[in-house]
Amino acid sequence: MLERAFPGLDSLHRNVLIALLSRTDAGWRLLIKTSLPSGDSRTADAFLIGYTGVFALLITDEAPDNETANQVLRHAKERFAGIPGQQGRSLAETAIHLVVIGRGAGSPRRDGVHWALTESSLDRIFRRDALHLDKRLIAAIAEQAERRLRGYRSLAVQQQERGPGTAGLLDVAELIDDQLGAAQRRPFDSWLTFLHPQQNAIVKRHYSGPARISGPAGTGKTVVALHRLRHLARLDTGPLLFTTYVHSLPSVIKTAFDRLAPELDGRVEFTNLHGWVRRFLSERDVPVRVDRRKIDTAFSFAWMANREKLQVIEPSFDYWRTEVDRVIKGRGITTLHDYVAVRRRGRILRLDANQKALVWDLYTHYQRGLAERDVHDYNDLIELGRAELADRPLETPYAGVVVDEVQDIPLCGLRLLNDLAGDGPNRLLLVGDGQQQVYPGGWRLSDAGIPVQGRGEILKVNYRNRAEVLSFARRFDATNRVDDLDGADGVTLRAAESASEGGVTETWRGTSGELSGALVEAVRNLPVRPDHSALIVFHHKDLSRCAEILRKAGIPTLALEHYSGATDGKLKIGTVHRAKGLDFEAVLVLENTHESVTGSEAEEERRELRGRQHLVAATRARDFLWWGVLDDTAPEQAEKTEQSEKAENAAKAVETEDDCVHDMPISWCSLCRKPPPSVLPHGYRTSGGTAYHNDPDCTWLRKGQGSAHRQGMNVHDVTRLAWGSVTPGKLEPCEFCCSPQWMRRHGH
Ligand SMILES: Nc1ncnc2c1ncn2[C@@H]1O[C@H](COP(=O)(O)OP(=O)(O)OP(=O)(O)O)[C@@H](O)[C@H]1O
């Protein structure tokens, strides 16, 4: 529409004018120079008349010199001379401002006779604390201005059907179409300036209690959350918090927020959930001992003691770890009675009371293991935070807490965030999409005691993915196991409206042997710079494999966990868990078909989870998606792959062996090569039941990895739990290397 009236506008003019036009349905009046785009900078490109005054607008990236600025202002004042403003005072003397609007972000500043604004600080014009004119005066001034400003055309949007005699009035729908058009053409920063009216309404809405924004991938949920944070920061002077489950996401979101609201630097805290709790507990001097390795060890020993009975129900180690992490501890269950009674949302495999009792043995064994090692796990951390908060609430409560990607937060985390936000209007905003849950489990908001009835919003227009990419992503069957709207119907990606046409998708299918060539070629042929692109995989094993391929090909990469949103010329790589919430112009995805298909209920649950993870990976791509499928299922290929993996492992074993000068029997432990305590070799000494590695010449120690070694290990523990069952030739877990990954790799 704007395009028709003003063909050839550049993106800056288009974005700014659309943003201003959207205000006209609230009583603002806009007059646009009919000769736009024109090179004439002696007169304003547009005049905006509204509650905060009359604005002569120059839309340009080049700051005008003093003479030009004075000339534009003089022209404006001449045109408005004699028109009375508030309380009969001359408008020209009191309420005419010259504003120069440039691209991108930045704080508003006074520059000679004009205000310099950017796309992102455009909102300053509409500040409520600077109201001068009322609706009647605006209409009277605009009417006179229209007569006096030759060469300018009045444009406005109207909500109702267009009636006769409404020339110059445009439909809101047309304006939205224009906005979608602008989003299609990019630059992507258009969200800084212009929100869809539905998005805008959520930003400004008053919520009497906790609110929820839901909607399929790419519909601008995070964008709305950021605008809302800015809005809340203007309403209240209290601190604000943006948090999420994923460790790396807050820093990327902070980078975007700093561009949107540079003036609010420091007002909003961006941190992941566990990071927040750690800081909070450390400020309160509450000791926290989270040690991943020890947690894994405790669980591995609990598993070894209970696996026989549990494997009859479901063989997978991961399944039971999830049960303890997400169902028992994640929901804050502390008694078998409660566990028997609970409905295990998100879990398809049913467990009867007897089976739950077996799981409970695993849980209690694990808890004992944690206590013996004097260590907390991540759920304990959250419970410690909740207890401390209940004991001594925050001195300065948050004015608002925004939780992004809420679908992956365990129930205990949701309860903590609810406590943290406290009661009161606008305090808690939960943002997410059940179809994008990448960790197993499930909950219902009411389980966490968070009532959102009547305050649930659903966004439906996908701005991120071009049509081709979107239609590719829609093929994934992503079952929602999170009841994020408390019973209300949600919208799936298949039902989302598409805002952008075009886009390219490519697929590849091949074997491990062919992967290297295909991947390097795909990266080299990316249609955009590598630093606007990412490679996403679903398993750590595939990540190291791809990282190695790219390293050998000389392609610089950056692990997603270190990505902060800055451009660095490197291809970002990581698992889907790290990629969620982000977007890139081009995305490469590598899927591995190696998983077994048993048809069991647990397998069905894994299949659902994979569907959601695939959807998340595909929807990270804006313009270009390369989807690779690694398929080694052909029998002769599978054999070849197994052989090449064996060769790879053997090579690795030799490499690791080189790390240590000692002649230790590596078959007992692949990492620290600790032998059973009864055969302590050269290089070890024992003291009070603890074995020490005490040779300073050990290269392994010199590499800085020896601290765990130096701390020693408890011989009784090791004898009882691990070495007691050593089978010669088979790798057995030990205190230091029996992580779940290690155990799986060695068939435990
Ligand atoms: N009003 C808008 N105009 C133009 N672009 C927009 C608008 N709203 C969002 N976008 C663009 O859409 C993309 C997706 O936005 P955002 O990340 O907020 O979506 P989301 O719903 O949180 O996505 P996901 O759930 O997949 O993480 C962003 O790149 C943003 O630039």
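Keep in mind that glycine also has a Cβ here, set from the backbone N, Cα and C atoms.
Automated prediction, rather than curation, is the source of TrEMBL annotations.
Listed in TrEMBL:
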type: BINDING; residues: Gly215, Pro216, Ala217, Gly218, Thr219, Gly220, Lys221, Thr222; note: ATP binding site
type: DOMAIN; residues: 194-479; note: domain 'UvrD-like helicase ATP-binding'
Cβ-centroid neighbourhood (8 Å) of the ATP site, Gly215, Pro216, Ala217, Gly218, Thr219, Gly220, Lys221, Thr222 excluded: Asp433, Leu459, Asn462, Tyr463, Arg464, Ala496
Rounded mean pLDDT for the residues that make up the domain 'UvrD-like helicase ATP-binding' (194-479): 91
Under 8 Å by Cβ from Pro216 (ATP binding site), same chain, sequence gap 6 or more: Asp433, Gln435, Leu459, Lys460, Asn462, Val491, Thr492, Leu493, Ala495, Ala496
Entry from the binding-site residues list Gly215, Gly218, Gly220 having the most other CB atoms no farther than 10 A: Gly218
Number of other Cβ atoms within 10 Å of the Cβ of Ala217 (ATP binding site) across all protein chains: 25
